[in-house]
Amino acid sequence: MPGEIEKQVFEHTEGVHVARDQEKTRTTHGLILIPQPSSDPHDPLNWPRSKKLLTLGIVSFASCINLGQSLANQAGLVPQALLYHVSPVEISYSLSAAVAGSIVGPLIWAPLSQYLGRSSLIFWGSVITIACNIWSACMTKEDQYIPFVMSRLLSGIFSTTSLTLGAGILLDIFFLHQRGKAFACYTITALMGPLIAPVTSGFITESAPWPIQFWWCVGAVGLVAILVFFFLEDTTYDRSNPANNRAPQNYIARRVATFFPGNKILQQRTRTPFSALYKIALCPQALMTGCALLLTFGWVVGLNTTLAVFLQTPVALGGYGFSPSQNASFVFTQWVSLAVAEVYGFLLNDRVALWLCRRRGGSWKPEYRLLPVLIPPMIALPVGLILFGVGLQYHLHYMVLATGLFLATFADMAIVPVANNYLAENFHDYAVETFTILWVWRLSLGVAVPFFIIEWVELNGPGWVFGTMAILSTLGMGILALLAWKGQQIRQYSFGKLIGTEEGEKVVATSTSHEGE
């Protein structure tokens, strides 16, 4: 019975229990559940809150560790440069190779997940990533520079499975009014990985051989593989044809069906066309969101991969003469900025969007998601880049650099989950594809920056370089502001068959429906 299902299944959702509003299920806070859950207790939308949070935690942790291992040697460039008889800048190309691999990977995993399943790809991608880190750790001879770089390239490719596929998992299990918090937790936790890497790298290379940088990754990614195998459930659910949802009920049988060949979880699932990825990439809102992320996030990615070069260069040569452990301690600045961005997103990403929705009559528009981005990050990002550049230009105290890095990192961490959520809600049935597109956009510039930033700084000075970055990042913020203002009209020029939004859905219940509670 519907009433029994409501009581049994929805007691775990926000508001403790729910009621009906014109035959639509809603929370006791007056928020109508979008999408509407089915009466099937196995529907991922009906999972208990504990199971949803466990899934979010596993996917976020997997993305964090897998992304972090790509930059495992970020603060250990000098010992490897001495071994391979190359410069630290050339060793940093191994970081660029890993980032390049992480751009290529999503283009492979997005279509492949429709045939092998998301959970299966996350597990096997982690297993191969373990092998790549063992390969990297064994490259201890002076003529193994090229094989080492190749190992980092492959680790970048295979480590992106969880990061690519996580967005689709979140859309499967969370309602519209919960996605802002979910995307903030997922995206910011994932982006914690590149901040963990230089810290562990710095402390390791200060007192231990550099291969240890990769051996700890073997253990960490191994833990990811174990958690995924034993606890991550497949979230695909065909609402149009319930007969297709035939996952085995037995735990062991379900593990076998999920992770091994002949995957029964996806056997009956309707697959999206392969061309959808490229068609969505050409839609104006995807192009604009991607360009905005390229102009905002790309600079900080490039800065992160070359940060050790700026800090560890001897004072006599214009650097700060940091040791690897001092470099690692400096990066704690970004940990603080990430924590602030996490709290910012958790508190505001849903609240502000729903507040605006309520003021506009309770009907939803995806553009409401962009409002939290517009003010604090719009100020913090260019100011942070300018501070960092001025600090380098005049060799100011390293705390000036730390302040600039804090502001720029906070802004980027606040922007990314909102942009991901916004585009996913423009193409609801293609969440993996939208995340892949934005991932490629925001890392493309980050891959290129290490190849020219040192020469650019030497030619024009850091003040000019980071000032230019600040101007371009402001332009990127302006693109997001334009989408927030005119996104509904811009969306009309997209491929109509691909558009899938909850626009016009009544999200906030009316006052009369409250009286019926």
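Note that Cβ sites are derived from N, Cα and C of the backbone, with glycine treated the same way.
TrEMBL annotations: computationally assigned, not manually curated.
Lifted from TrEMBL, the feature list:
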type     : residues : note
DOMAIN   : 52-488   : domain 'Major facilitator superfamily (MFS) profile'
TRANSMEM : 91-109   : transmembrane segment
TRANSMEM : 121-137  : transmembrane segment
TRANSMEM : 157-176  : transmembrane segment
TRANSMEM : 183-204  : transmembrane segment
TRANSMEM : 210-232  : transmembrane segment
TRANSMEM : 286-311  : transmembrane segment
TRANSMEM : 331-349  : transmembrane segment
TRANSMEM : 370-392  : transmembrane segment
TRANSMEM : 398-423  : transmembrane segment
TRANSMEM : 435-457  : transmembrane segment
TRANSMEM : 463-485  : transmembrane segment
Item to complete: Quick one: find which recorded stretch in 370-392, 398-423, 435-457 has the most Cβ pairs under 8 Å with the transmembrane segment (183-204).
Response: 398-423
Worksheet item: For the transmembrane segment (331-349) and the transmembrane segment (398-423), does the number of C-beta pairs under 8 Å, pairs 6 or more apart in sequence, reach 3 or more?
Response: yes
Discussion item. Given a Cβ distance threshold of under 8 angstroms, which distant residues of the chain, six or more beyond its ends, lie next to the transmembrane segment (91-109)?
Written reply: 67, 70-71, 73-74, 77, 80-81, 84, 121, 125, 148-150, 152-161, 163-165, 277, 301, 305-306, 308-309, 435-436, 439-440, 443-444, 446-447, 450-451
